[in-house]
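Taking it in order: structure first as structure tokens, then the write-up.
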């Protein structure tokens, strides 16, 4: 069992080496601003995908409103930084709290809905959040909130992402995560096993929404501006597509999905229409030939190559 | 204009808009009823219908009615084709896969259209001169009358097909229990194709009517109305045809009243707020029956 | 003997339909009781009422001296009632061991922060339930299938796993809904032995619904007979066998 922690330590060391290399390439200007921006976006999208996977993949509650929570975080962070001059880390933490509270507020009433009804309700709530923001002049209304300092560096995005990935990974591998998975597999049986299904669903919504808020806060501090049009339900679809592409119930998959889609979209950014057509075709083909996603519910760390790290039980 | 006049005016506007929603919602609800699929591409079918009508009128110089019929036929065939290519292979796949495929089809239609016709909105030719009629407290223009008339005719036609034809009975049977229907010798695939065809044709009609009414079409015009139509279908009780029609009209009226009396920016929020309220208090919709899971 | 569960004049209406009415039942500590009756008599409804899946329309259910009114199924499980399902409800995509681990849910003592930081307590607790789970599987002859996916188990093994999982919640009262359904006579015999054994070993009371009369008559100390939602007879197995009401209910016609 202690090997679990050893495995964690190894994963962190590998991540740090990876970070050092990428940061070195950035500092040496081998990777230009365009790529720095996209590396930040990849980290942000990984946070969104992994946190959404907790709700959709592990708990089995199809949510199509993730962009709404992201919006809450983005605007909270922007207001705090610009109007209250809070340090970046504090903005991030408060963004988490605000989005998580909203997640709970939305989660509590909608949680008894199931399947398609929940999906469409979360979609509607996400849109309502966006429309309400659009009508609040304090945050710039439909024109967006401008003049946000660019605090999000690759280092910030990377380390926050690393924290979120570890948080979610450890969450799903504990009794909290097992409760979520039990709910996904059979809600009535889960309840009968003593799992308070309402509590764990709301908790999953809170944690997922909170980290979406964190991603939003990072996002807002990347572009000098947050604009309501960044948080439509189409954005939410995008995050769902990332996790389905990677495989629901696999954190590795969510990371891969976020990475692949963000990279492909960066590479094709010169041809916006063609990009979306290719995107659509890939999506359809993926559902035909690999509906369980690239990784299914398998984690990288359970592949044979990683087994030797594990050692005895 | 007095507040009552304004109210009646918004009511008429609302019913016009609602008729459009109703036509789209019917297709949504039929497809959901038969396949349990939220066909996110349905709004884009409506968009394609609008463009086909547009080209019929501008390039082929056809009058409104032939343009409408051609658009319905071609778009109906497109619907059948989409089902055949994109959804049929996934008949036994998990629901989420089909949902994602529907999103994929939606993007495909939007951006393929954009690729060919550019993202610029097209101005629909002004084919009907504006004539306003005063009927009691209502002021109705001839475009609105055309929308009402065509909507009513199409709904009557649909009711006839579903209630009185053999195919209609088969549709209801497949929607009630696909497996049992197949055991009774009904070719479910053929019926599903037919459902997509009919639903898409109705959406196409809505697309052409919207073009005439608002004078403008663009490749992304289907996204919001598609979503609203789904809200309408849920409001009426998903899978129930009269529910979709009623839901569409109610939604149209509410939106018109909200934009007339509160603010047009809250129009979309009103639709989604209705959705949430319905889901929380009567998730099966206004005309739906409650069902419980057997333990 | 002390009373463990007591149902007094319980009824449950679905719309205008009376699923259960005037239902009285007493289960003492350590008893093994059978609940029988024709299909649709309301046996599973009674289970659903005891476990909080349904709330009674009228009447009270007391468990270990406290009313169960308004409690969610998870709270009732924490109080000490566990159950299996007529139509097996395993976590079918998960491993056999994970199925049991989930059932230890209420007995794990670490919080969210400890889980996320993987501190010593998390490690110790996870190790403890892993061992306890494997121990439990051994009793049900499932130890070498611990890492298999639950849905791939043969039917009889799935039923055994459901019982193992119910026991992992550490109940005082175990409700078994047709545990022998779909089993062959030999499996049924083994099951009877197992039920007797776990009652003794885990110091449980057991209430079981069963259509297999040899099983019910063979192991139950007392039997309740339900028809159209009402208890029409209860008593010792021999009394039930001779009861004219019961014979009429099962064979039809006038007794």
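The backbone N, Cα and C atoms fix where each Cβ goes, and this holds for glycine too.
Just so you know, TrEMBL annotations never went through curation; they're auto-generated.
From a predicted model like this one, the values you see are computed outputs, not experimental measurements.
For reference, TrEMBL has these:
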TRANSMEM  B:12-33  transmembrane segment
TRANSMEM  B:68-86  transmembrane segment
TRANSMEM  B:98-117  transmembrane segment
TRANSMEM  B:145-162  transmembrane segment
TRANSMEM  B:191-214  transmembrane segment
TRANSMEM  B:229-257  transmembrane segment
TRANSMEM  B:269-288  transmembrane segment
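Counting Cβ pairs under 8 Å that are 6 or more residues apart, the transmembrane segment (B:229-257) and the transmembrane segment (B:98-117) reach fewer than 3 and are not in contact.
Below 8 A, the CB atoms of the transmembrane segment (B:68-86) and the transmembrane segment (B:269-288) form no more than two pairs separated by six or more positions in the chain, fewer than 3 in all.
Long-range contacts of the transmembrane segment (B:191-214) within its own chain (CB-CB distance under 8 A, at least 6 residues past either end) are made by residues 16, 19-20, 23-24, 26-28, 30-31, 34-35, 42-43, 45-54, 64, 67-68, 71-80, 82-84, 88, 124, 127-128, 143-144, 146-147, 150-151, 154, 158, 161, 167, 170-171, 174, 181, 221-222, 225. Here the transmembrane segment (B:12-33) has long-range neighbours at 39, 42-43, 45-46, 79, 138-140, 143-144, 147-148, 151, 154-155, 158, 171, 175, 195-196, 198-200, 202-203, 205-206, 209-210, 213, 225-226, 228-230, 232-233, 236, 238-241, 243-257, 260, meaning same-chain residues at least 6 beyond its ends whose C-beta is under 8 angstroms from one of its own.
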